[in-house]
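Let me begin by presenting the structure, written as structure tokens, before commenting on it.
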Amino acid sequence: MSTATASQASASTAKKSGGFTGKAANYLDERTSISGAVKEFGRKVFPDHWSFLLGEVALFSFVVILLTGSFLTFFFQASMAEVHYDGSYVPLKGVEMSIAMASTLDISFDIRGGLLVRQMHHWAALLFVASIGLHMLRVFFTGAFRKPRELNWVIGFVLFILAMAEGFTGYSLPDDVLSGNGLRIIDGIIKGIPLVGTWISFLLFGGEFPGTAIVGRLYTLHILLLPAILVLFLALHLVFVIVHKHTQYAGPGRTEKNVVGFPILPVYAAKAGGFFFIVFGVIALIASFFTINPIWNYGPYDPSPVSAGTQPDWYIGFADGALRLVPPHWEFVLFDRTWSFNILAPLIIIGIFIVLVLIYPFIEAWITGDKREHHILDRPRNAPTRTAIGAAGVTFYAAMWAAASSDLIATHFHLTMEGVIHALQAMLILGPFVAYFITKRVCLALQKKDREIALHGFESGRIVRLPGGEFIEVHEPLDEYERWRLVSFESHAPVILRPNAEGKITNKARLRSALSRWFFEDRIAPATKKELESGHDGH
Amino acid sequence: MFTKKKRQDSAAKRGRRHPLANVALIAIGLIATGGAYAGISSATAQTESTVVSQASVEDGEKLFQANCATCHGFNLEGSDEAPSLIGVGAAAVDFQVGTGRMPMQAHNVQAPEKPVQFTDDQISSLAEYVASVAPGPAIPEEQYLDADGDAANGAELFRINCAMCHNVAGAGGALTEGKYAPSLMGVSEAHIYEAMITAPQNMPVFNDMNLSPEDKRDIITALKFMENEVSVGGHPLSSLGPVAEGLFIWIFGLGSIIAVTVWITAKSN
């Protein structure tokens, strides 16, 4: 970092200060003209808020995954050829298994540090997807996806899908009973697709499930194709973050035209660098003390055993849950073919859900007709309809997610499996509506409270008796900075239905106007300057 | 105090009974019953050494009539409430009563494991009585219960035959309508063997034709290995697999990371 700082100081000062760093910086700059980039990048300002670090957690856990994953590739052999295990784990000695499973057992028991690295890799993967999820929720609920960042939302979402694909392909590599069961479910889903399903399944597995090809193929996807695409999109994502500048929360001195915070060099780089090691450390600690995916308990895969309590890793859980929530008898024969709507319905619903999340920024932009750039974030309460939609989406996802552990919920809370499934089915359908209305009302109520506080200050708890006998509670006025936070948001009015240039009102315009009304009909306007000035009427 | 004095007065007047007479009487009664009971049960313990004694069967019959017959019938014929016990054998009794499942606490979808209600001697008396009425699976021989067989073979058999309900790690699992396959950790060797041959509750029978006694011994070996194995990867999170792992990373993993982010971005005072 000292070289970077020095090169920022550029050639002229280098002459004065001299020394090795100055000369080195000068040498580099004369040959690469890097000082411009360092100056630009080094001066880039990051605002300070804990929620802005979630994306970094994802980035850092990805780095941990890359490092540990590289180590694992040295020892893992992605072959499904059969061997008799001859490692040091006694209860599997002599058992027939694939080389993939045997080499994973060797990593766990016979290679120094192998188990720790394996566990770090797996825990980091769980943390990676979890932090992406939380980062996405932060971006959604603060409206950070608005213009000019819509495309970066899409890129980020693709990263989320890629992360899940990476997770799933990795989960299937050890060829143990659990991962084999997971693959069998995927195989079943693929075969449930009408007409092409069976062909795709045979293509993927190189014949009848499980075949002898799948682990090798997944391995290629896991360590070559998917990471390459992921790194590409990750780079794009970061470039966009720099191009767009960082968003910030509203506050005194913060406008749509500036970013208030620390520059990357030296403060932010130091913080982020330290944070990387903290994330690394947390993952290493978890991996040292907590077992993950003990494949030696599960044993080698063969298609006959299916374990109770078979679940995918958490991020695929929603898909598994969607399958569990389908009511029975949704399968019928038509045109001499079986239509497995028990599989197709979840596929279609999940597909629609994913596409809706992916294109949400464009939907909202179209409904609101807002074409301006936004660099100041919304507080969730100040965009009640968006926040309510988000809450509905989270509830929908949560119902599917919880359904993936329906059997464990049943055994651990002494419930019937059917009861759990029926309750979650109700939650899947009704939950989003309930969540929508409650969230919207809560947001509006919070806005009302903010407005009240901005106008009248906060209650001080001091009761005063006036000479006339009246009791009042003294309200302390807010200071300027506090008040700014409460009043500096925009209140949108619904788009008004107007005839177009030809004097016609199109159906599209009607739909948009109706949606816009739905979006902005209930709103609390921020306290205006006039109201604020007349607001202080002595109490 | 006043009443006490009055009573003492009246007792003294009558002059028939010492004030502590009642207490003494109760104490004598308790000692006599307790002593007799202890003598009888030690007597049962002695007879137990001879394989099947008439006395033990008679004890078992009395225990059965007092504790089991309401539901299972005085002649083991069963009722609407409970199945017939004719031909279930000593192994079934030893399993059901020995794990506390019987006597049943309440009529429910499944009898849960609970603290055992009888002594070992009483359980064996009950078992002998039930076995004496009609033949059935006997309590397994010690040679199959030493948990010293082939764990690798046992684990494989366990995965194929048992894991779909009991989970590959023996952690248990859910069945339909509130029924469940219990966790197998901490279950005694004899009870595992007996469960396989007597098919308690929803479990199927694994008779000697599909799992030989040696196979059963291997399965017990594998289960005991899992139970006693040191978890090499660290805390096993109840061996529940991905659900427990997912909850852990969200709550503790991400939770601690968020705490750190708040700390990093906090304004210095």
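Cβ coordinates are placed from backbone N, Cα and C, and glycine is handled just like the others.
Pulled from TrEMBL:
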- B:20-40: transmembrane segment (TRANSMEM)
- B:55-134: domain 'Cytochrome c' (DOMAIN)
- B:Cys68, B:Cys71, B:His72: heme c 1 binding site (BINDING)
- B:149-227: domain 'Cytochrome c' (DOMAIN)
- B:Cys162, B:Cys165, B:His166: heme c 2 binding site (BINDING)
- B:247-266: transmembrane segment (TRANSMEM)
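Locations of recorded TrEMBL features on the structure.
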{"residue": "B:Cys68", "record": "heme c 1 binding site", "Cβ contacts under 8 Å, 6 or more apart": "B:Leu85, B:Met102, B:Pro103, B:Leu126"}
{"residue": "B:Cys71", "record": "heme c 1 binding site", "Cβ contacts under 8 Å, 6 or more apart": "B:Ser79, B:Glu81, B:Ala82, B:Met104"}
{"residue": "B:His72", "record": "heme c 1 binding site", "Cβ contacts under 8 Å, 6 or more apart": "B:Phe64, B:Gly78, B:Ser79, B:Ala82, B:Pro83, B:Ser84, B:Leu85"}
{"residue": "B:Cys162", "record": "heme c 2 binding site", "Cβ contacts under 8 Å, 6 or more apart": "B:Gly170, B:Ile219"}
{"residue": "B:Cys165", "record": "heme c 2 binding site", "Cβ contacts under 8 Å, 6 or more apart": "B:Gly173, B:Leu175, B:Ala181, B:Asn202, B:Met203"}
{"residue": "B:His166", "record": "heme c 2 binding site", "Cβ contacts under 8 Å, 6 or more apart": "B:Phe158, B:Gly172, B:Gly173, B:Ala181, B:Pro182, B:Ser183, B:Leu184"}
Open item on the list: If proximity means a C-beta under 8 angstroms from chain A, which of B:Cys71, B:His72, B:Cys162 count? These are the binding-site residues.
Closed with: none
Open item on the list: DSSP-wise, what's the residue breakdown of the domain 'Cytochrome c' (B:55-134) into helix, strand and coil?
Closed with: 41 helix, 0 strand, 39 coil
